[in-house]
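A.B. asks: Got a structure for you, written out below as structure tokens; questions coming shortly.
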Amino acid sequence: MTDRAHQHITYTVSGMSCQGCVNKVRQKLLALDSHAEVIGHPKDNRLEISSTLSNEQIAGAITDLGYQFGGEVPSNSNKKVNQVADYKVLGMSCQGCVKKVRTAIQSLDEHAQVDGFPQENRPHLVSTLKQDEVADAVQAAGYQFDGVDPDTAKQDKPTQNDVTDKEEHKAQQASVGGEATLDNTFIQLSLSGITCAGCVDTIQKALDALPTVTHAEVNFASRTAQVSGDTSAEQLISAVTDAGYGASLIEDPSKAQDERAQSEQKEYRYKRLYAASGLAVGVPLMLWGLLGGSMHVATHHEQLAWGAIGVLTLLVMVFAGRHYYSSAWKAFTHRHSNMDTLIAIGTGSAWLYSMAVVLFPEVLPSNARHLYFEASTMILGLVNLGQALEVRARGKTSEALKRLLDLRPSKATVIRSGKTETVDVTSINIDEIIRIKAGEKLPVDGVITEGYATIDESMLTGEPIPIEKSVDSQVSAGTINGNSSFQYKATKVGGDTLLAQIITLVSKAQNSKPPISRLADTVSSVFVPSVMIIAIIAALFWLNLGPAPVAINMLVAAISVLIIACPCALGLATPISTMIGVGKAAEYGALIRNGDALQKASEINTIVLDKTGTITEGKPKVTQSEWFDIDETLAKRVIYALESGANHPLAQALMLFSEDQADTAATVKKFESITGQGVAAEVDGTYYLLGNDDLMRSRRLSLPNTELVQTVGSHVYLANADKVLGVCVIEDEIKPTSKAAIEHFHQAGIKVIMLTGDNSVAAKAVAESVNIDEYKAQMRPEDKLEYVKQLQSKGAIVGMIGDGINDAPALAQADVGFAMGAGTDVAMESADITLIGNDLNNVANAIHISQATLTNIKQNLWGAFAYNSLGIPVAAGVLFPFTGWLLSPVIAGVAMSLSSVTVVLNANRLRLFKPAAQKED
């Protein structure tokens with residue numbers, strides 16, 4: 001029998017209701033063909049199957065599962081498929097040009113995907129358009145189409161079928177099958193039943209075991225999990241439930257935060273009640289023993305009295321400790337253990353031993369008839385008390401996120417059918433008109449359509465001065481209106497608003513784990529079983545080698561080991577500090593993307609930054625000009641024609657300088673963008689160059705020998721094919737905060753290097769004015785990238801700060817990339833930390849906060865490891881040969897409670913932390 005060829009066929013299959021059904025089919029077919037691939041569309045009763053199986057085998061497998069097999073779906077030969085290509089388009093100099101090309105192409109194919117690389121004159125296109133249609137669209141946008149890019153054409157490209165399959169797969173991910181919602185970015189779950197780091201490890205393994213999960217992180221401090229992958233919330237919740245815990249989907253972060261706060265308040269009240277009941281019985285019993293009362297059973301009357309106390313103790317244990325016992329039992333039935341296992345065994349053993357003494361005193365020698373009823377109730381009371389304090393302190397860790405959530409109003413006034421309605425913010429639709437009164441918060445992002453306003457945007461920019469807004473001005477959710485009223489049209493709603501994206505970024509970062517947490521995770525995964533083994537070893541040691549009373553000493557040592565061990569301290573050491581640190585960074589103007597960035601930022605020893613828009617305001621203007629063999633009016637006309645449509649800061653300065661010639665039409669042909677140097681084109685039939693001195697030298701043109709060329713600033717030359725016709729000097733003011741920020745870097749022992757595409761005269765002037773350690777001028781994007789690599793090869797931990805497209809490669813290469821808040825989308829996507837606003841002090845804040853956070857995490861981890869490393873041996877009796885005493889289980893309970901509380905309180909010290917850049921304010 002010959003092997004059957006691998007085929008991709010679409011079948012009709014009815015009876016499927018969700019992606020869970022699709023997964024059943026997938027597993028069934030994988031058992032027959034290990035390389036089979038299945039993509040399901042339950043709502044369309046359709047399965048795409050790529051395998052070597054025959055139709056009969058596939059039909060049999062599907063029918064066995066209870067679904068109806070309807071055969072192959074007839075292929076549609078007329079269906080348009082996406083083509084993938086990289087084209088050569090001349091004249092693109094910036095992302096503004098790319099946007100024009102994208103708009104032109106999407107006017108012909110609304111689903112087309114266009115990504116642009118202006119420095120390479122190359123757009124990457126996924127579209128159903130043919131090459132001649134693309135050419136027409138590009139030329140209509142004002143650019144020159146030069147065919148398929150020869151460099152990328154040589155590379156392997158996906159076939160049409162590959163692209164179609166991927167597009168269909170994306171469509172499948174975006175659809176809703178049954179009750180399960182698919183999201184390939186991330187799904188966030190709220191977890192219940194977690195009591196320690198061992199629980200975290202169990203849930204982590206359950207989620208990681210799902211084949212559709214690509215990444216999962218479980219956070220003990222926030223009781224949440226965030227999962228990435230081609231999976232559904234239904235599958236994730238089922239996996240967590242099967243592991244013995246509870247889970248629910250977080251759809252609205254604000255609502256989830258409120259629910260979490262309410263849950264913590266409820267937990268705090270109950271824990272206090274449980275603690276009070278346990279201590280109400282335990283304290284009197286302990287005092288009875290300490291003040292000379294008998295804790296033994298010697299007479300019949302004592303047997304009856306202690307029997308009644310034992311029953312009372314049992315009732316208290318059921319009331320104050322049932323959550324520990326039920327959790328321990330659930331863990332046992334799921335074949336794992338947690339902190340509740342230790343508490344349940346410890347307190348249960350003390351009670352059972354004591355009741356055995358009460359019921360059968362004659363079985364034990366007289367010196368082994370000591371009772372430990374007070375230990376059971378005291379331990380439960382103290383553990384509940386410690387957890388109540390922990391919950392109270394833990395609730396303060398997410399204050400930064402709460403403040404962000406509070407920026408969003410719950411209600412808004414919307415104009416519908418000519419009438420105003422007050423509606424929930426969640427019901428606002430795109431293009432609806434919203435009315436804002438004086439002092440109100442804006443509910444969504446949009447554009448002003450009527451009126452004017454003074455908007456407080458400090459939550460976005462960090463600038464306390466309100467911004468004047470008028471018709472067509474952009475406004476953002478969460479900002480606050482001044483004293484006027486206006487109307488605006490919603491352009492982004494729900495999770496698409498800038499505020500929602502900031503909230504999501506902060507929430508994701510708070511729940512991520514820095515690399516330093518991996519050691520704690522590893523220890524936590526084996527902690528509880530290891531403690532149980534140590535307790536057994538201690539008990540056996542005292543049984544075989546210990547002095548009399550053997551039974552008492554054995555019991556005390558084993559119970560103390562079980563009770564004093566604290567996986568909670570290990571589990572809380574990293575996440576609580578991370579949550580507070582990320583929130584604190586957001587409070588001071590830095591949005592940290594994840595735990596890796598948080599830790600790496602604390603290790604930075606070299607800062608590399610751009611000049612324009614980073615150290616300077618990014619709003620350059622022409623301050624001087626000189627013309628030699630050309631009329632100034634003509635020069636401005638040529639400059640405006642060459643720079644029209646560009647959005648680079650220097651180009652904007654030149655356009656502003658020449659805007660008085662904007663109305664004089666000029667014909668531009670053979671436009672050429674020369675990366676890092678300038679532009680060239682024919683304007684009204686004459687060839688012109690506009691760019692820096694490198695461009696002039698490359699065309700063998702002599703620079704004019706004038707005083708203006710020697711002045712500080714960026715020099716842009718206008719030339720024809722034969723000679724330089726004039727020069728413009730462009731200057732950009734230095735931000736008032738730049739010098740102080742660089743001083744803060746120096747105080748932290750960080751070297752500062754400036755890389756700029758500007759000339760050496762301008763670079764030197766800026767570097768000297770703000771005390772830059774080193775600078776490099778006339779650096780192209782590829783030069784910046786190579787320079788960062790060289791620094792890293794010498795052992796530097798590099799933080800790169802930039803705001804433009806030309807910074808993106810270096811931002812991506814750096815150990816930590818910082819993108820200025822007013823920078824380009826490309827720069828922000830390449831960065832690990834996005835700055836709110838344009839203040840360099842925010843970078844200093846982020847580094848200082850990350851250093852404080854990592855120090856705090858190390859303190860917590862060291863404390864947790866030290867506590868358990870010392871506490872467990874002491875509880876086992878290692879000091880007995882020197883002191884003659886064993887640690888009381890009650891004292892072990894106190895120590896265990898205090899260890900978690902200490903970690904939480906230490907982490908909360910970060911809430912009071914103020915970066916050095918803010919202390920001077």
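Just so you know, glycine gets a Cβ as well, placed from its N, Cα and C.
From TrEMBL, for reference:
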COMPBIAS  151-167  compositional bias 'Basic and acidic residues'
DOMAIN    7-70  domain 'HMA'
DOMAIN    185-248  domain 'HMA'
REGION    145-167  region 'Disordered'
TRANSMEM  273-291  transmembrane segment
TRANSMEM  303-321  transmembrane segment
TRANSMEM  342-360  transmembrane segment
TRANSMEM  372-393  transmembrane segment
TRANSMEM  526-545  transmembrane segment
TRANSMEM  551-574  transmembrane segment
TRANSMEM  861-880  transmembrane segment
TRANSMEM  886-905  transmembrane segment
A.B. asks: Do the transmembrane segment (886-905) and the transmembrane segment (372-393) share at least 3 Cβ pairs closer than 8 Å, excluding pairs fewer than 6 residues apart in sequence?
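C.D. replies: Taking Cβ pairs at least 6 residues apart, the transmembrane segment (372-393) and the transmembrane segment (886-905) are in contact, with 3 or more under 8 Å.
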A.B. asks: Between the stretches 273-291, 342-360, 526-545, which one has more Cβ pairs under 8 Å with the transmembrane segment (551-574) than any other?
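C.D. replies: Per the Cβ count, the answer is 526-545.
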A.B. asks: Please work out the mean pLDDT for the residues of the domain 'HMA' (185-248).
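C.D. replies: Mean model confidence (pLDDT) across the domain 'HMA' (185-248) is 85.
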A.B. asks: For the transmembrane segment (861-880), what are the same-chain contacts with Cβ under 8 Å, counting residues 6+ beyond its ends?
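C.D. replies: Tertiary neighbours of the transmembrane segment (861-880) are 516, 519-520, 523, 531, 534-535, 537-538, 541-542, 546, 553, 557, 560-561, 563-566, 569-570, 573-574, 886-887, 892, 895, 899, 902-903, 906.
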A.B. asks: Determine which residues of the chain contact the transmembrane segment (342-360) at the Cβ level, with the cut-off under 8 Å and only residues 6 or more beyond its ends counted.
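C.D. replies: Residues 297, 303, 306-307, 310, 313-314, 317, 321, 324-325, 327-329, 368-373, 375-376, 379-380, 383, 528, 531-532, 555, 558-559, 562-563, 565, 889.
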A.B. asks: Below 8 angstroms Cβ to Cβ, which residues of this chain, lying six or more residues outside the transmembrane segment (273-291), approach it?
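C.D. replies: Distal contacts: 309, 312-313, 316, 319-321, 373-382, 384-385, 388, 890.
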A.B. asks: Hey, which bits of the same chain come close to the transmembrane segment (372-393), Cβ under 8 Å, at least six residues off its ends?
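C.D. replies: For the transmembrane segment (372-393), the list is 264, 267-268, 271-272, 274-283, 285-286, 288-289, 306, 309-310, 313, 316-317, 320-321, 324, 343, 346-348, 350-351, 353-354, 555-556, 559, 563, 568, 572, 888-890, 892-894, 896-898, 900-901, 904-905, 908.
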A.B. asks: DSSP on the domain 'HMA' (7-70): how many residues come out helix, how many strand, how many coil?
C.D. replies: 27 helix, 22 strand, 15 coil
